[in-house]
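Let me begin by presenting the structure, written as structure tokens, before commenting on it.
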Amino acid sequence: MASISRNLRRSLAPDRLRRLHLLLSQHPREYVTAECHRPVVLHKRGPDILHDPWFNRGTAFSMTERDRLGLRGLLPPNVVSSQQQIDRFMLDLTRLQKYARDGPSDTYPLAKWRILNRLHDRNETMYYKVLMENIEEYAPIVYTPTVGLVCQNYSGLFRRPRGMYFSSEDRGEMMSMVYNWPADQVDMIVVTDGSRILGLGDLGVHGIGIAIGKLDLYVAAAGINPQRVLPVMIDVGTNNEKLLKDPLYLGLQEHRLEGDEYVSVIDEFMEAVFTRWPNVIVQFEDFQTKWAFRLLQRYRCDTPKTYRMFNDDVQGTAGVAIAGLLGAVRAQGRPMIDFPKQKIVVAGAGSAGIGVVNAASRTMARMLGNNEVAFESARSQFWIVDAHGLITEDRADIDPDARPFARRKAELGHQGLSEGASLVEVVKKVKPDVVLGLSAVGGLFSKEVLEALKDSSSSRPAIFAMSNPTKNAECTPGEAFEILGEKAIFASGSPFHDVDLGDGKIGHSNQGNNMYLFPGIGLGTLLSGARVISDGMLQAAAERLASYMNEEEVLQGIIYPPISRIRDITKEVAAAVVREAVAEELAEGYRDMDARELARLSEEETIEYVKTNMWSPVYPTMIYKTD
Ligand SMILES: NC(=O)C1=CN([C@@H]2O[C@H](COP(=O)(O)OP(=O)(O)OC[C@H]3O[C@@H](n4cnc5c(N)ncnc54)[C@H](O)[C@@H]3O)[C@@H](O)[C@H]2O)C=CC1
Ligand SMILES: CC(=O)C(=O)O
Ligand SMILES: [Mg+2]
């Protein structure tokens with residue numbers, strides 16, 4: 001270790017001397033002089049420090065420094081030493097070198113992400129222009145599947161912080177912390193607690209990547225101004241044992257808070273952001289199922305204050321699935337009103353699966369007259385299979401969210417099924433029109449399951465392998481078309497290429513992902529000025545997506561738009577949301593468009609209104625002002 005000269009020892013106050021000893025012990029080969037211990041006078045605060053390479057020290061800022069310099073919440077909560085920062089950097093660098101030599105395929109999408117991320121840090125306008133003009137190529141990089149890989153490798157990839165971090169250690173501080181964010185106006189927040197990132201499980205604080213990716217689509221697809229979006233990570237710990245032991249992990253290394261303690265952290269966050277930005281919309285993303293439903297209920301219906309929020313995995317996914325299911329009915333040459341006759345087997349009873357069954361059965365019930373008989377009839381069209389097999393009334397400890405859809409004892413006998421029946425058994429006995437996977441289990445729709453689907457009562461059996469990222473898809477389009485032939489309808493959560501079936505025939509691979517709805521739901525809510533996001537607004541969004549594809553496309557098996565049309569479909573979805581908000585008298589107007597004027601707009605005028613409010617990536621004229 002370098003030694004401290006006697007003169008220097010004499011000239012330093014005891015606490016300074018202690019810190020210098022500490023510094024030297026962390027940097028054994030470094031020559032540390034009094035010069036590097038002299039305080040530096042700063043004329044900036046908050047993000048300006050983080051963006052200044054001379055002053056920035058990233059995750060090594062101590063908590064007291066973060067408080068003193070207005071940085072609290074702008075960095076991941078784990079304070080690390082400069083040596084740990086170097087270890088993290090070297091991990092990433094050596095991984096790249098190794099991959100460059102040995103060449104596993106993961107490195108290419110990650111390298112693209114890095115290049116895009118650097119551009120994002122340097123020039124937002126150019127970044128979004130590149131993304132929007134090449135959305136087909138780069139959506140799979142900034143969003144699923146690569147964003148999953150990014151979250152899994154976040155400690156190595158982390159460079160400049162983006163978004164805000166609230167941790168359980170910030171209890172009591174959040175109301176002041178939100179003022180550390182530099183923007184006076186925030187329209188959209190995407191918040192996660194990292195507990196279920198795509199189908200990859202608990203990634204803790206590294207899950208911030210998904211909130212960033214979703215907001216990239218808000219900008220690219222919905223034209224939300226990038227200066228008014230805010231990705232948020234709420235770090236309440238992690239139950240991922242690997243991360244708990246990883247010295248390079250960026251989050252709190254303790255188990256997740258549970259129960260009322262957990263809820264109080266989220267409550268405090270909601271109160272803080274809605275206090276500073278009363279018009280913000282908060283999208284909950286990738287919360288584990290047990291919290292997804294509870295928080296949705298709490299902030300939508302329960303608290304004295306209801307918030308302008310929705311849960312994308314529960315509600316966005318449901319709308320996208322309904323649109324696809326209606327598309328599958330049309331692809332059979334049948335009218336949408338035949339939807340309640342479809343038999344649907346759903347694999348997965350989490351936030352996404354139960355969200356889909358809830359909303360799809362409500363859509364069926366509405367078509368059947370919206371009474372008790374209609375609801376009962378709609379319910380009986382669904383068979384839910386989870387990790388323990390078919391869910392029936394016989395199951396002990398049945399999840400309350402799944403209970404309404406548990407198959408009744410009376411139905412089981414004549415179907416030849418019983419509690420816990422396997423997916424393949426269920427498909428064999430039910431002969432469903434649709435199998436829909438939201439299980440996060442790659443390959444779950446095995447050869448056997450797809451073979452069983454050959455006996456489907458539908459002329460065009462539909463396979464929705466919706467789990468993300470790619471490796472979690474329940475099957476690939478190649479597997480589906482090979483077994484079920486050209487008539488099959490296929491959709492997946494992450495993108496796949498179309499399949500060449502020979503003789504000029506193509507097996508269309510649709511992307512059934514909530515990205516076709518959440519940007520329009522957010523934009524429509526913003527532009528309507530509605531204070532809540534009603535079921536009717538969500539339904540209107542789903543119906544607009546369902547009717548977007550024309551007859552010819554649907555008959556070819558194209559049930560969702562290509563990603564190249566995402567900005568157009570988002571505009572249409574947003575307009576449908578605005579009109580529904582007006583019809584339900586929820587719209588309060590936006591900027592100089594008041595509620596009465598909104599109500600006078602025709603359908604075309606509403607679409608035009610949405611279009612003119614969408615941000616585009618062009619450089620504005622800049623004017624210098626001194627105050
Ligand atoms: N395409 C899209 O737009 C969306 C896709 N998803 C995907 O859905 C998946 C699930 O998400 P959550 O519902 O929140 O997760 P979750 O973990 O709460 O639920 C997973 C469900 O699958 C069940 N499961 C596990 N193994 C199974 C098996 N062998 N057979 C049948 N079921 C099985 C579990 O019992 C559980 O009910 C994730 O992969 C996620 O990426 C989620 C939202 C949107
Ligand atoms: C797409 C999405 O929201 C998910 O996989 O969780
Ligand atoms: Mg999600």
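From the backbone N, Cα and C atoms, a Cβ is placed for every residue, glycine too.
TrEMBL does not curate its annotations; it predicts them automatically.
Feature annotations, courtesy of TrEMBL:
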DOMAIN    120-300  domain 'Malic enzyme N-terminal'
ACT_SITE  Y143  active site, proton donor
BINDING   R196, N468, N513  (S)-malate binding site
ACT_SITE  K214  active site, proton acceptor
BINDING   E285, D286, D313  divalent metal cation binding site
DOMAIN    314-582  domain 'Malic enzyme NAD-binding'
Query = Just checking: which of the recorded positions Y143, R196, K214 have a C-beta under 6 Å from ligand 2?
reply = none
Inquiry  = Near ligand 1, meaning Cβ under 6 Å from any of its atoms: which of the recorded positions Y143, R196, E285, D313, N468, N513 fit that description?
reply    = R196, D313, N468, N513
Remark   = Apart from the site residues E285, D286, D313, the 8 Å Cβ neighbourhood of the divalent metal cation centroid comprises T192, R196, I197, I210, F284, F287, A292, N311, D312, S351
Ask   = From the Cα of K214 (active site, proton acceptor) across to the Cα of E285 (divalent metal cation binding site), what is the distance in angstrom?
value = 9
Key: Filtered recorded positions, from Y143, E285, D286, D313, N468, N513, whose Cβ is under 6 Å from an atom of ligand 3   = E285, D286, D313
Remark   = Among the recorded positions listed as Y143, R196, D313, N468, N513, the Cα nearest the Cα of the residue listed as 'active site, proton acceptor' belongs to Y143
Task = With R196 ((S)-malate binding site) as the reference Cα, tell me which of the recorded positions Y143, D286, D313 is the closest one.
result = D286
Remark   = In chain order, residues whose C-beta lies under 8 angstroms from the C-beta of D313 (divalent metal cation binding site), counting only those at least six residues away in the same chain, are F284, E285, D286, F287, A292, S351, A352, G355, N514
Euclidean distance between Cα atoms of N468 ((S)-malate binding site) and Y143 (active site, proton donor), Å = 11
